Amino acid sequence: MALTKQTARKSTGGKAPRKQLATKATRKSAPSTGGVKKPHRYRPGTVALREIRRYQKSTELLIRKLPFQRLVREIAQDFKTDLRFQSAAIGALQEASEAYLVGLFEDTNLCAIHAKRVTIMPKDIQLARRIRGERA
């Protein structure tokens with residue numbers, strides 16, 4: 001986000017600062033004895049942008065192998081029982097699935113940007129799929 005220059009404005013009056021009570025002044029000036037330091041937090045969006053750059057650079061699979069394998073076996077169970085899979089077959093399915101999902105999210109992001117938003121919503125996914133011709 002670009003920094004904007006702030007111009008000085010003439011004051012139009014207002015309330016004069018009141019004198020602080022003695023107890024308030026001593027409370028403010030006394031150092032805190034707790035010494036508990038707040039954990040460092042990045043500004044909203046900083047970590048998200050860092051993750052975007054990290055995942056765009058990388059080529060590794062993003063979905064864990066075993067949960068994906070269980071999902072494939074569960075879906076295949078509906079069509080035929082006692083199916084066996086080569087590990088290369090599940091690897092190929094995972095590569096194709098992740099490539100499809102990444103492409104769908106790219107198109108979904110474009111739909112959100114077109115609607116002047118930065119947050120993707122289910123309606124963006126539906127629009128992206130409809131434009132692709134996957135769902136009428």
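Backbone N, Cα and C define each Cβ position, glycine as well.
The region 'Disordered' annotation in Swiss-Prot covers 1-44. Swiss-Prot lists 1-10 with the feature compositional bias 'Polar residues'. Annotation source Swiss-Prot lists phosphothreonine at T7 (among others). Annotation comment: Swiss-Prot describes K15, K24, K57 (among others) as N6-glutaryllysine, evidence class similarity to another entry. The feature N6-lactoyllysine is assigned by Swiss-Prot to K19, K57 (among others), with similarity to another entry given as support. Sequence annotations record features per position, and here Swiss-Prot assigns N6-(2-hydroxyisobutyryl)lysine to K28 (among others). Swiss-Prot lists K28, K37, K116 (among others) with the feature N6-acetyllysine, giving similarity to another entry as the kind of evidence. According to Swiss-Prot, the feature phosphoserine maps to S87 (among others). The N6-succinyllysine annotation in Swiss-Prot covers K123 (among others).
Look at the Cβ of each of the modified residues K37, K57, K123 and count the other Cβ atoms within 10 Å; the largest number goes with K123. Fewest other C-beta atoms within 10 Å: among the modified residues S87, K116, that description fits K116. Counting only the Cα atoms, the space from K116 (N6-acetyllysine) to K57 (N6-lactoyllysine) is about 27 angstrom.
Of the recorded residues, K123 (N6-succinyllysine) and K57 (N6-lactoyllysine) place their C-alpha atoms 28 Å from one another. Under the DSSP three-state reduction, K116 (N6-acetyllysine) is assigned to coil, being neither helix nor strand.
Recorded residues S87 (phosphoserine) and K37 (N6-acetyllysine) have their alpha carbons 49 Å apart, per Cα-Cα distance.
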